[in-house]
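K.L.:
As annotated in Swiss-Prot:
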ACT_SITE  Lys80  active site, charge relay system
ACT_SITE  Ser155  active site, charge relay system
ACT_SITE  Ser179  active site, acyl-ester intermediate
Amino acid sequence: MTDLTSLSAAELAGLVARGESSAAEVTQAHLDRITAVDDRVHAFLHVDTEGALDAARAVDARRAAGEPLGPLAGVPVAVKDVLTTKGIPTTAGSRILAGWRPPYDSTIVRRLRAAGTVMLGKTNMDEFAMGSSTEYSAFGPTHNPWDLSRIPGGSGGGSAAALAAYETPLSIGSDTGGSIRQPGAVTGTVGVKPTYGGTSRYGLVAFSSSLDTPGPCARTVLDAALLHEAIGGHDPSDSTSIPAPVPDVVAAARLGASGDLAGVRLGVVREFAGEGAEPGVLAAFRAAVDTLTKLGAEVVEVSCPHFQYALPAYYLIAPSECSSNLARFDGVRFGLRVGDDGNRSLEEVMSATREAGFGPEVKRRVVLGTYALSSGYYDAYYGQAQKVRTLITRDFTTAFEQVDALVSPTTPFVAFPVGARTADPYQMYLADLFTIPSNLYGGPGISVPCGLADGLPVGLQVMAPTMADDRMYRVAAALESAVGPFTPPAL
């Protein structure tokens, strides 16, 4: 009998639609897998067993009644614990939100339910999406299924690790500086940051509002495209949502899977193809570029000179926005409250709550952001960073006048051991060196497995113009079809 957890989302949806397997059977298989391996991986913070089975049985009832099913009906999905889920704990990986059960679903979750997917639960993450290793979660680190002594990337390491451990065929993440793509790269899975505004932020616990982008994670490019199609599109509840339809990413993925890139012009980012990455990562990337050429793509070198300033600009813009966004967590309305013994002032209670509720990385970024926005320093730091952001956007605009898409390694290194970089924030921040530019620009990016280095996965990143997400899906699917899947060791 076929192991249901080994199948793609598209394959599982087909089984359910044809009646060859029930949604309940598919869901139970994945719940059993979570029970079997998640004590070692720790991808999930909360598993909604009864809710998942109820949703699966509802899909089976619809099929039995002859109702039409969507392309992902009956397929399990895991959701990063940064998106609100009605009645289900949402912590953003922080002690300050421990036990909070939101009264509403985020738009992404609402669309997942409407598509007939089955939500298994919430996945682990760096606190408030601030981190690159999922070691900054208040509830303990997640481990990489390729090597349990190593990190799964971050901030959305739980969503990526759950895929690599075959606990779910689909998951949802959020990407502020690389938090979907970087975990995808180091776990050998597919991670997508859609165009900013192409997926709704309504119900997303905010880190950096001008950068945060929810997106799909999967084991195949087609599965990611199907999930992207389900969650994308305009949402009037999000003022930054783009009033335009989702590009036809599913058709693009299917076209790319044919392995034909004739007529596609790709640019290798010169500044990201040399120094700054491990030799094994560069070797795998260069081999993948050779493969893209063999598939018919024309590959040229493109210079984006201001990309080198993206990392410092990001670490002024994002902390500045987070220092404002996180001011709402004060212990007054919801979540953790400390020191409310009747003998302290409201200000003292708020201070004690934040001291106990926020972890060290969150505190570091809030302090940095508060300083950058302070009187006398705003123009020198935040203002200058926004000017750099404009220059990076111009680099992208100029590049896309020459090529259809840009390619680079997704991350400079493979998964490193748990604990290896927590004492050095700068080394941790370098994990997002290649992914941050797309966030500052607002365009889409996808990470697709392209090879191995030292037995660990390496990802290739494809970046496209805003609202041209279909371009990157075509390129990623073509590469995937040529290099094949990369399967982690059995757990």
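Just so you know, glycine gets a Cβ as well, placed from its N, Cα and C.
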K.L.:
Taking the Cα atoms as reference points, how far is Ser179 (active site, acyl-ester intermediate) from Ser155 (active site, charge relay system) in Å?
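P.N.:
Counting only the Cα atoms, the answer is 5 Å.
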K.L.:
Between the Cα atoms of Ser155 (active site, charge relay system) and Lys80 (active site, charge relay system), what distance do you get, rounded to the nearest Å?
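P.N.:
About 10 Å separates the two Cα atoms.
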K.L.:
Give me the count of other Cβ atoms within 10 A of the Cβ belonging to the residue listed as 'active site, acyl-ester intermediate'.
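P.N.:
The answer is 37.
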K.L.:
Are there any residues at least 6 positions away along the chain from Lys80 (active site, charge relay system) with a Cβ closer than 8 Å to its Cβ? List them or say none.
P.N.:
Lys122, Thr123, Met125, Gly156, Gly158, Ser159, Ser171, Ile172, Gly173, Ser174
K.L.:
Report, as a single number, how many Cβ atoms besides its own are within 10 Å of the Cβ of Ser155 (active site, charge relay system).
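P.N.:
36, counting other Cβ atoms within 10 Å of Ser155 (active site, charge relay system).
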K.L.:
Three-state secondary structure of Lys80 (active site, charge relay system) from DSSP?
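P.N.:
The three-state answer is strand.
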